[in-house]
Amino acid sequence: MRLLHTRELKVKEFTGKKIPEYVILSHTWEEEEVTLKDINARKATNSPGYEKVKNASRVALERGYEYIWIDTCCINKKSSTELQEAINSMYQWYEEAEECFAYLADVPPGTIAHEFEKSKWFTRGWTLQELIAPSTVIFFNKGWQVIGSKENLQELISDITSIPRNFLLGDDLRYASIAQRMSWASKRKTTRIEDTAYCLMGIFGIHMTMLYGEKKHAFIRLQTEIMRVSNDHSIFAWRSIESSGGLLATSPSAFANSANIIQINSLDSASRPFEFSSERIRLSVPVIDIGYNSRLAILRCTELDQQLKQYQVVSMIGNENRVVVAIKKHTLNLQKERHISGVMEISYSVKKSVGIKTRDEHGMTLLIWAAKNGYHSIVQLLIKNGVNVEVQDDYGKTSLIWAIKNGHESIVQLLVRNGVNIKGRDGHRMTLLMWTAKNGYANAVQLLVEKGVDVEAHDDHGMTSLMWATKSGHENIVKLLLVKNALVEAKDDNGWTPLMWAVKTGYERIAKLLLKQNANVNTKDNDGWTPLMWAVDNGNEDVVKLVLKNGAHIEVSGDSGRTLLLWGITDGHRGILKLLLENGAHVKTDDYDGWTMLLKAAAEADDDTIELLLSWAAVDRREDIMKLLLKRGGYVETENEPSWTSLLCAASNGHETIVQLLLEIGAELEFIDMYGQTPLMHAAKNGHKRVAVLLLMAGARLESRDKLGRTSLSWAAQNEHEDMVGLFLAADGINPDSKDNDGWTPLSWAARNGHESVYEQDAMNQLLAKEVLLDCLDEKINGEKMSPPGAIEDKWDVVLSRCQE
């Protein structure tokens with residue numbers, strides 16, 4: 001299994017038990033996704049896909065994880081063997097991940113339920129297992145801000161997907177019929193027809209060979225594999241106009257109306273496994289003779305409605321051989337079967353049976369199973385019959401922990417009232433109060449604190465109940481715990497306080513509650529980060545405003561030495577930049593490498609975020625931020641080690657708007673770098689003709705030479721920039737025969753590259769130069785027509801006169 005290191009962005013391979021803790025990304029594929037080859041070669045670093053990888057890794061790192069699995073770049077898709085192995089293992093990988101990040105790229109910040117439920121993520125085939133398999137799923141919007149978790153959004157997600165909440169929260173999928181599971185995928189789509197089957201393999205615990213090209217036969221093959229391990233008749237409970245004439249459906253869409261179909265074969269000892277060959281399927285079912293030489297075959301499944309919920313319990317218990325329920329073996333009175341009173345039958349049988357202490361393959365007793373799945377009457381009945389309420393399953397979880405984890409508050413209260421140990425811990429040292437706080441069960445929290453549980457207990461990671469409630473966004477529980485004087489300055493193993501958790505996860509209202517309790521707004525974690533630094537890093541403008549209002553120190557930096565303002569600049573959060581500046585953040589700040597923020601922004605320009613205004617607010621190329629920062633009086637000519645100025649950086653990278661702004665405030669035209677090269681030479685070398693025009697208009701000297709004796713004309717000729725050569729030849733005072741230190745002239749360079757004809761045609765040079773300048777005038781830069789800087793407007797006519805025919 002390959003994992004991506006969240007700090008280094010390097011893929012590492014692990015095997016067997018050596019696989020470290022990791023988080024996993026769930027997303028819908030878009031254009032320009034980054035592949036394993038791209039990551040290894042550091043290619044496509046400016047693509048949207050790479051930005052997604054960086055953001056996912058950043059969030060994982062912030063949440064304390066060193067590794068992340070991302071399907072686009074952790075699988076070698078060129079290897080069919082590896083791809084097949086990965087798809088067969090994918091459900092397990094998602095299931096074993098510490099957390100799953102569901103990135104909804106089409107959901108904007110400030111999301112409301114309507115926008116959330118319309119996300120494409122809920123319509124794709126592969127994301128079904130990515131929703132069900134992980135124990136924890138955290139949803140992020142387009143701006144990588146937390147929308148919520150699978151736990152606290154369970155009701156909404158269940159409405160969107162039609163998946164019952166108990167299965168969303170980890171109940172064994174074997175308790176859902178085949179028809180029910182198929183119905184969850186009935187409205188989902190995949191790009192390739194075969195993937196409608198392959199994406200469901202994990203849901204049914206099936207492994208099979210992938211044969212792209214078999215089209216709808218893949219789904220037939222999946223059902224055949226399911227029948228090898230299950231005798232659930234609901235696999236035939238489908239309806240579709242696309243029927244191929246056989247017993248098996250050709251697509252999950254055929255199960256669209258099968259969400260309430262449950263199996264009942266566990267109640268009938270006559271139920272047998274399927275027998276099938278390549279030509280037929282043989283099954284044993286009751287039949288009804290309806291005359292006219294016709295019969296109806298009765299599948300061993302039925303519809304589940306509100307009155308039949310207890311019937312499903314009977315099915316489960318019968319299947320585990322814990323209770324024998326008396327039903328006539330060959331009865332055809334379907335109405336009677338449909339309305340069996342499950343609890344009454346169980347009540348009688350339990351009193352006569354010793355099977356109530358039996359455990360399944362996971363060490364679960366009947367009490368644990370009933371508490372986990374929310375069957376209040378069964379739990380009550382078992383307690384009355386004296387079962388051990390403290391027994392644990394193989395994972396160290398009691399019936400109380402399962403009831404808390406799955407949100408069955410009435411069962412929690414029932415168990416607590418009956419004396420269950422409320423001070424116990426699970427395998428991760430989490431207390432019952434932590435579980436209830438994490439999952440948002442306010443009544444259970446109230447009950448536990450009234451019983452005197454330890455509010456300040458820490459788990460294996462140093463987390464307290466207040467931290468869990470804060471991290472999960474349960475404001476009402478935070479209030480409850482604060483009333484009980486929960487410590488607001490407690491720190492976990494990362495040094496994060498409840499306030500830091502509120503800021504990191506973007507829960508502004510909870511942050512307000514903590515600040516009202518005098519939470520330290522300037523506390524630092526183990527890496528020297530403050531709540532304000534986390535707020536800036538997460539791009540949450542409202543939270544930044546809140547902590548600033550409550551006295552957060554603005555001139556702070558983490559162990560890396562980067563200031564808040566530099567973070568705001570490089571992350572591109574325009575509103576946060578303004579907030580920082582309005583609150584007195586200094587522009588004249590150097591990071592540890594000795595680069596000024598202005599210079600660093602110009603030097604680090606990339607296609608996504610920094611192709612504008614000295615890269616201060618890069619995403620939308622808005623020069624108002626640049627002007628705002630320049631008005632604050634930032635350094636313009638501060639040098640770094642390579643002796644570059646901001647103008648040199650901007651000219652070299654072709655940022656014409658930035659060049660114009662720097663010229664307006666008096667940037668030095670003839671400043672030279674360590675090689676003796678001027679901004680005009682850099683523009684000439686890299687073919688940035690519009691930048692060259694701006695520099696010429698400002699009075700840049702064409703005759704300047706670098707340490708190799710080369711002029712701007714020499715560099716343009718050497719690098720084959722014909723329009724630049726024409727522009728320079730049309731200028732007054734140019735010496736076309738100047739020689740560099742090796743005796744090469746611009747003509748020599750042009751001839752070497754096969755472009756001496758352009759160099760020699762003077763009349764054409766004049767026309768070409770004029771065309772270049774007029775093109776520059778007509779072209780729009782950042783939506784505005786290019787015009788000469790006000791400080792050099794008097795030189796414009798001089799430049800134009802050089803281009804007259």
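The backbone N, Cα and C atoms fix where each Cβ goes, glycine too.
TrEMBL annotations: computationally assigned, not manually curated.
Quick look at what TrEMBL lists:
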type: DOMAIN; residues: 22-106; note: domain 'Heterokaryon incompatibility'
type: DOMAIN; residues: 217-275; note: domain 'DUF8212'
type: REPEAT; residues: 362-394; note: repeat 'ANK'
type: REPEAT; residues: 395-427; note: repeat 'ANK'
type: REPEAT; residues: 428-460; note: repeat 'ANK'
type: REPEAT; residues: 461-493; note: repeat 'ANK'
type: REPEAT; residues: 494-526; note: repeat 'ANK'
type: REPEAT; residues: 527-559; note: repeat 'ANK'
type: REPEAT; residues: 560-592; note: repeat 'ANK'
type: REPEAT; residues: 642-674; note: repeat 'ANK'
type: REPEAT; residues: 675-707; note: repeat 'ANK'
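Look at the repeat 'ANK' (362-394): DSSP puts its residues at 17 helix, 1 strand, 15 coil. When the repeat 'ANK' (642-674) is classified with DSSP, helix, strand and coil residues number 17 helix, 0 strand, 16 coil.
Residues 151-152, 400-401, 404-405, 407, 409, 412-413, 416, 422, 466, 468-469, 471-472, 474, 476-477, 480-481, 484-487, 490, 492 of the same chain, all 6+ positions outside the repeat 'ANK' (428-460), place their C-beta atoms under 8 angstroms from a C-beta of that stretch. For the repeat 'ANK' (395-427), DSSP puts the residue distribution at 16 helix, 2 strand, 15 coil. Through the fold, the repeat 'ANK' (494-526) approaches residues 62-64, 145-146, 462, 464, 466-467, 470-471, 473, 475, 478-479, 482, 488, 532, 534-535, 538, 540, 542-543, 546-547, 550-553, 556 of its own chain, all at least 6 residues removed from its boundaries and within a Cβ separation under 8 Å. Across the repeat 'ANK' (527-559), DSSP helix (H, G, I), strand (E, B) and coil residues number 17 helix, 1 strand, 15 coil. Counting residue by residue with DSSP, the repeat 'ANK' (675-707) contains 17 helix, 0 strand, 16 coil.
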